[in-house]
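**Q** Annotations for this protein, taken from TrEMBL, read as follows:
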type: COMPBIAS; residues: 293-311; note: compositional bias 'Basic and acidic residues'
type: COMPBIAS; residues: 320-341; note: compositional bias 'Basic and acidic residues'
type: COMPBIAS; residues: 352-363; note: compositional bias 'Basic and acidic residues'
type: DOMAIN; residues: 35-211; note: domain 'VWFA'
type: REGION; residues: 262-363; note: region 'Disordered'
type: SIGNAL; residues: 1-21; note: signal peptide
type: TRANSMEM; residues: 235-253; note: transmembrane segment
Amino acid sequence: MKSTLSIVALLLLLAPAPAKADVPNPAWPSRCPLKLGLLIDQSYSMSSRFVEVREAASNVIDALRDKKSEITIIGFGGVATTIDSAVDVSDDDDRRALKETVKRIDTGDSGEGTNWEAALTDIAPLDLDVAVVITDGQPNTAAGGDTTDPVAAAVVAADRLKADGTRLVGIGIDLPPEGAVNLAAITGPVPGQDYYADDTVTLLRRLYDIVANSCGVPIDALPRPEPATFPWREVLLGAGALLLLLGLVAFGLHRKRRAPVTVTPTRRKTRIETPTIEHGTVAERLRTQAAEEQTRRDQAARDQADAKQAHEQQPTPDQTQRDQVAEQPGHEAVRQEDTGRPQRRSMSIDFLNREPPTKKDNP
């Protein structure tokens, strides 16, 4: 029994000690404006709590809106990804744009795994005042691959940051037993100052505590989360774009309606039939035409004869005058049949019946 206990004690002595920070954590800046970095674990183990993480990060952005502070957001999984860097959250447009960006981040965006070393290395050039690591406390990969202890690699990167004046704070969400030890290794040994081991319910409160300590103000002095506002700008821009699109469509339809329509005539196949001559039909047609022509000629001859007869029976003007003279009293008219020569007038012999004068009428 004693020999067994001796072996166990020997193994414990020979076992490597857990990694721990060699550089102490700098003090809180206790001033604002502030350069704050949020390092958000995007590994798949964070999936069940990521909605709360996004909401808490958005509220921290609002908490610094009354001070000309800058916020950088790094997402990490198997690698680290800079989501946005050095955003002035006192600018309304920039702040709202950053919050919209936070709404779109999700687990798995930075690959599989949890690489603390990559995130801590990426923020080194930014000269941050405070960097907050939000994680479930389970790093499992580093730049050296399987041959490198992920926690030890993260401690080395964290020590470089702290040596340059960046205070590191860890927030562990639903940590496993060894999770708090891992956070203490990269930040410092003091719970409630160097790291927080909490759940999603208290996540926002812990972030507000960190901001208040960083600015050196009571937590009640920080602005509350900005209420949701109706996105008038986006709506107006969208409505304007829609109206422009409708106008272009209407213009195109109008141009299309007024465009001249070219009608291509349809070519139809025309069947040309060769005429045939029926000799019997032609002969009959000629006989009919000859008979009709003869009938017209006969009728014309009869009409001419009738006209001539009527003309001959009509009295001439001279004959009519002679008839009128003959009808006068004291005159005789000598009627002479028309022999084709002019009629002669008879000489009067009344002078033979007169008595000769008995005396000379003239002196």
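A Cβ is built for glycine as well, from the same backbone N, Cα and C atoms used for every other residue.
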**Q** Cβ under 8 Å to the transmembrane segment (235-253), counting only same-chain residues 6 or more beyond its ends: which ones?
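**A** For the transmembrane segment (235-253), there are no sequence-distant neighbours (Cβ-Cβ under 8 Å, at least 6 residues beyond its ends): none.
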**Q** Could you pull the average pLDDT for the domain 'VWFA' (35-211)?
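**A** Taking every residue in the domain 'VWFA' (35-211) and averaging pLDDT yields 92.
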**Q** List the helix, strand and coil residue totals of the compositional bias 'Basic and acidic residues' (293-311) as derived from DSSP.
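**A** So the counts come to 19 helix, 0 strand, 0 coil.
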